[in-house]
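Some notes on the structure that comes next.
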Amino acid sequence: MVPEVRVLSSLLGLALLWFPLDSHARARPDMFCLFHGKRYSPGESWHPYLEPQGLMYCLRCTCSEGAHVSCYRLHCPPVHCPQPVTEPQQCCPKCVEPHTPSGLRAPPKSCQHNGTMYQHGEIFSAHELFPSRLPNQCVLCSCTEGQIYCGLTTCPEPGCPAPLPLPDSCCQACKDEASEQSDEEDSVQSLHGVRHPQDPCSSDAGRKRGPGTPAPTGLSAPLSFIPRHFRPKGAGSTTVKIVLKEKHKKACVHGGKTYSHGEVWHPAFRAFGPLPCILCTCEDGRQDCQRVTCPTEYPCRHPEKVAGKCCKICPEDKADPGHSEISSTRCPKAPGRVLVHTSVSPSPDNLRRFALEHEASDLVEIYLWKLVKGIFHLTQIKKVRKQDFQKEAQHFRLLAGPHEGHWNVFLAQTLELKVTASPDKVTKT
């Protein structure tokens, strides 16, 4: 299969060379990418269609901010089963759950955004959702069970004049870093699959992994262990929202900035600066500002007060700003696999519950999301013992058993999650 993919990648490269003028934008302000006669907006991505093969599901093209088309081959996570299967319109093979009778489980729902279909678990960019983002911010979205979750991410400075896009990311990196995307399963992976051979937290330097050992990844590592070049900067406020299927809504203007419908921000005044305990929401052109209500319970015993934040945070969620290297004495555990469950018990339409069952842990994390004014907010993270979770397992349905890093792609990049303590108040922790 690998030679076939390389041949298809070569065909795509020839196609891009054959249509060099199609890959560049015309003149501002109407900037777009033209690929095989179809227009794409900056930030939009798609599977290319090449004759005679048709849609290339293992290849993805992206229209950059400079309106240049770049295409790359999708990297599939390792599978740990003797007979993985590849379903139609999917690139990566997956394991078939042996305990589920055939035909009883519906296939994961796909997502559609701006005329492009995305498969369950696929990651893409959608910059138009946050028109007021900073130059070093980008929007990363993920398709999960037919719903699109998007996050505003603050990218590190690449430090070179011509950075390249990273697969499974909306950020860019220098050529040396981006070209180090490894095709070998034995490579040491870190955030977004970029290799860092000097990572002291890699699994037993120099030793080969066994056939059943998961590939190491830094996606689910605590923020303080993320390599300096890829650690999100705290200057940018990060929001996590779900894009609902609704008609276009009016934007809001506050302090000279434009905010799209559903976007939230902390207002700022010259005499006081940003107000972390006040949160404003754009609702179809109208600004609604509320005072933050902090959670009464935290997932740790001793939450701490941090300057610049309204509510206390757990110590393990803090990033050391002076920590420029990966710790050589404290290394995160290998994430392994994680089973993702969704609640099937009757519940209001404005609630979503997910349960994450880690292989290497005796605890199960239950995430509760609540729909508040058109946006799903993370309201609670509760940890229960596996034996206690098994007692209510009949109320959950297994979605998939992906590598933990895939599920945590947003958590690894997100410095702040919106947490609600009441249906009408929103809190940033």
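Backbone N, Cα and C define each Cβ position, glycine as well.
Confidence across the domain 'VWFC 1' (31-96), taken as the mean pLDDT and rounded to a whole number, stands at 81. For 31-96, the entry in Swiss-Prot reads domain 'VWFC 1', with the evidence type sequence analysis.
Summarising the annotation, Swiss-Prot assigns domain 'VWFC 2' to 109-175.
Note on the domain 'VWFC 3' (250-315): DSSP counts are 1 helix, 26 strand, 39 coil. Feature annotation from Swiss-Prot assigns domain 'VWFC 3' to 250-315; the stated evidence is sequence analysis.
Annotated N-linked glycosylation site per Swiss-Prot: Asn114, in sequence order, evidence recorded as experimental evidence. In the structure as shown, the Cβ atom of Asn114 (N-linked glycosylation site) sits within 10 Å of 12 other Cβ atoms.
Positions annotated as phosphoserine by Swiss-Prot: Ser182.
Feature annotation from Swiss-Prot assigns region 'Disordered' to 182-224.
Marked as signal peptide by Swiss-Prot: 1-25.
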Counting by DSSP, what is the helix, strand and coil composition of the domain 'VWFC 1' (31-96)? 0 helix, 24 strand, 42 coil
Determine how many residues of the domain 'VWFC 2' (109-175) DSSP places in helix, in strand and in coil. 4 helix, 29 strand, 34 coil
